[in-house]
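Here is what Swiss-Prot says about this protein:
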TRANSMEM  5-27  transmembrane segment
CARBOHYD  Asn38  N-linked glycosylation site
DOMAIN    63-754  domain 'Peptidase M13'
CARBOHYD  Asn81  N-linked glycosylation site
DISULFID  Cys87-Cys739  disulfide bond
DISULFID  Cys95-Cys699  disulfide bond
CARBOHYD  Asn132  N-linked glycosylation site
DISULFID  Cys151-Cys414  disulfide bond
CARBOHYD  Asn217  N-linked glycosylation site
CARBOHYD  Asn273  N-linked glycosylation site
CARBOHYD  Asn303  N-linked glycosylation site
CARBOHYD  Asn441  N-linked glycosylation site
BINDING   His587, His591, Glu649  Zn(2+) binding site
ACT_SITE  Glu588  active site
CARBOHYD  Asn612  N-linked glycosylation site
DISULFID  Cys624-Cys751  disulfide bond
ACT_SITE  Asp653  active site, proton donor
Amino acid sequence: MYTRFGPPIVFLISCYALILCGTVDALPRAPYFNDDINKTTTTSEDKTVGNTVVEEEKKTYTVGDSEGYQEASRLLQKSLNLSLDPCDDFFEYACRAWVDSHPIPDDLTSYSQFTATREKVLAEMRKLYEDNTSIPTSKSIALIKQIYNTCMDTEKHNAVGARDLLEKIKTYGYWPMVHNEKWRESTFDLTKLLSNTIQSRDVSVFFDFGPAEDSRNVSRRLLSFDQGSLGLGYSTRDYYLDEKKYEKQMKAYRKYTIGKVRYYTEDAGMAVNESKIESDVDEIIAFEKEWAQILVAEEDRRNYTKLYNVRRFDDLKEYMSIIDWKKLTLSTTPFLVHSYLKTNPSIIISDVEYLQKMNTLLQNTDPRIVTNYILLRWAGSWSQEIGKKYEDLQQEFAFQMYGRKQRQPRWKDCVSSAGGKLSYASGSMYVRKYFDANAKNTTLDMITDLQEAFRNMMHANDWMDAETKKYALEKADQMLKQIGYPDFILNDEKLDDWYKGLEGAPEDSFSQLVEKSIQWRNNFYYRRLLEPVNRFEFISSAAVVNAFYSPTRNAIAFPAGILQQPFFDARFPKALNYGGIGAVIGHEITHGFDDTGRQFDNVGNLRDWWDNTTSSKFNERTQCIIEQYADVKLRGTDLRINGKLTQGENIADNGGIKQAFKAYKSYLEKHGGQEARLPQFESLTNEQLFFVGYAQVWCGAKTPETKTLLLLTDPHSPETARVNTVLTNQPEFAEAFKCPAGSPMNPTKRCVVW
């Protein structure tokens, strides 16, 4: 698989939550307990939480009163509703108060603990970009601040509008639906048109192609070719294939597209013919519907052996003859790699049949429609640069499509845009100002604990044969650990060397800086076709609130952005940290052994290392997960989870919390059997607090429109299932809260893979 975004080009099958992936400093180990947390000794009586007895025996325990414990208590007071029965619906018990007190902001389509933390990081990055008290010593940091500042120049964007965009299109041979008779079909050249859109904005539309690690030999990179994405985004084919069911969304898409073309036509100084614009847009959507029938659904693209088809470069003309592939690649890659491309190198094609079908569709489609569509998609890459009236149109569409009530502040767009262009530079700024370096070692300690828990789970496993189990243990032991950030980003000289060749002139506009950064990035990664892969290269920006697993590196990554509340705080009870970041760590470790991660070996090569009988048993267990989640209906709707699409994330969720709980219990055994309880929550045992901590990560809500979209496109299950369905599979949860057998949170049937 190939992605053009992120620091290194690396195949990531997992991130802990959707967002629309070093070495560890030798720091002293952080203490597990502060000296002042064990203050008050209390004898408990039988207590209840809701209708559930949580203390049956008199026990002596302590209540912590440190600053960290007090803060953790205050946070939970805003989340838990202790009047509810945790055995009925744990999400409601652990999250209802938080959800009720944190309505979705008007400029967002969802709001959760994850979102709140991301919003915090965005605001922190804004402060850094807008801080003019000192001159940056790094050229890269100076450049990223220039990108932010030019992005924020809305007065200039409104004054220029779509003028630069339209002037550039003239050099491409005009836009039929905008320039009408100025476009000539006789001049249509698909290869040249795509060459222009890729060179300037990296818009290839019908396919993704570029350097990617060779899944069978991850020490090298090959050119990789994969299917493209529709106008509504990846995995949105269902909207086009069932227009009756998704009538609201498709009407909004049509209206939005018509509005944009109307504005483009006006800005080009051409006469607006409303009926002609509507006809052109209808032709485009009809074309997309045909294309949607060719695209393979993501849930059917989970066998990576089937997606690994090695061919020679010259074979492309056999599969997709409508494009001159040699001309296209030579015109969009740096001169340094031209000799390599002329050797007819090996390439990887994810789906040969897709290229063949796409070739037929393009050959049978009016060139006017193809040109209109490509330029419409290309123009979409200018959305932040062409002024308020286009942004207002986009907001109308976002309200219908995603339920977003108002456009987000400009500064959020610009923070995201700048960070996306120079992600290591943004990470450098964030780490220097906001990251506690001690968190790296504390996290490493927890990873060690989680890996030990996984090994113990593997040893206790009774369905794997000895040889497969032995190799699984080796893979777990050899998993690379990347925490916080790569060290080089804190060295100005090394950071600037990474971005060598990327420079902005003082007079550059935002659009010019965008194109320079895109062209630099593509040149940078294409040159890597000639270099061996550095398996140890950090796979994420530091200023990211997420976690990742890369199967082709067998690496887990925890950027600096996620190593904070509510996932982690060294001052909090370990129950909350193991339930929070501990479950995140376990989730990523488990991804190495989910339905897709298990297809790769200890160094990341695509290789079947499973005994056939053991593989069959794994598939049986996975099928249980698929069917279990497919039976989950979202509250208040008739929508159900796609169990096949979400199976990998569900396996990781279930395995991750099991590892985290075992690691926490092991920690308690090593430290006296219990830790101090939280003030105001003395009734919660250590084990119960662990599960509360796990649930906190997923407290949140989405608009109805976004729920629909994510059920179709997101490989993660909704928050309620990431709490309730996961915990129903954990007998330790039912034991901790003493849930009666047969109660909603203690069912008679459970699904367990790991």
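Please read every residue number as a count from 1 along the shown chain.
In case you wondered, yes, glycine gets a Cβ from its N, Cα and C as well.
The Cβ of Cys95 (disulfide bond) has 28 other Cβ atoms within 10 Å, all protein chains considered. Of all the Cβ atoms in the protein chains shown, 19 others lie within 10 Å of the Cβ of Cys751 (disulfide bond). Nearest in space to the residue listed as 'active site, proton donor', taking C-alpha to C-alpha distance over the recorded positions Asn217, Cys414, Glu588, Cys624, Cys699, is Glu588.
All protein chains included, His591 (Zn(2+) binding site) registers 29 other Cβ atoms within 10 Å of its own Cβ. Taking the Cβ of His587 (Zn(2+) binding site) as centre and 10 Å as the limit, one finds 29 other Cβ atoms among all the protein chains shown. Around Asn217 (N-linked glycosylation site), the same-chain residues at least 6 positions away in sequence with a Cβ under 8 Å from its Cβ are Asn605.
His591 (Zn(2+) binding site) falls within a helix when secondary structure is assigned with DSSP. The Cβ neighbour count for Asn273 (N-linked glycosylation site), using a 10 Å radius and every protein chain shown, is 14. It is 33 Å from the Cα atom of Asn273 (N-linked glycosylation site) to that of Cys151 (disulfide bond). Within 10 Å of the C-beta of Cys414 (disulfide bond) there are 24 other C-beta atoms, taking all protein chains into account.
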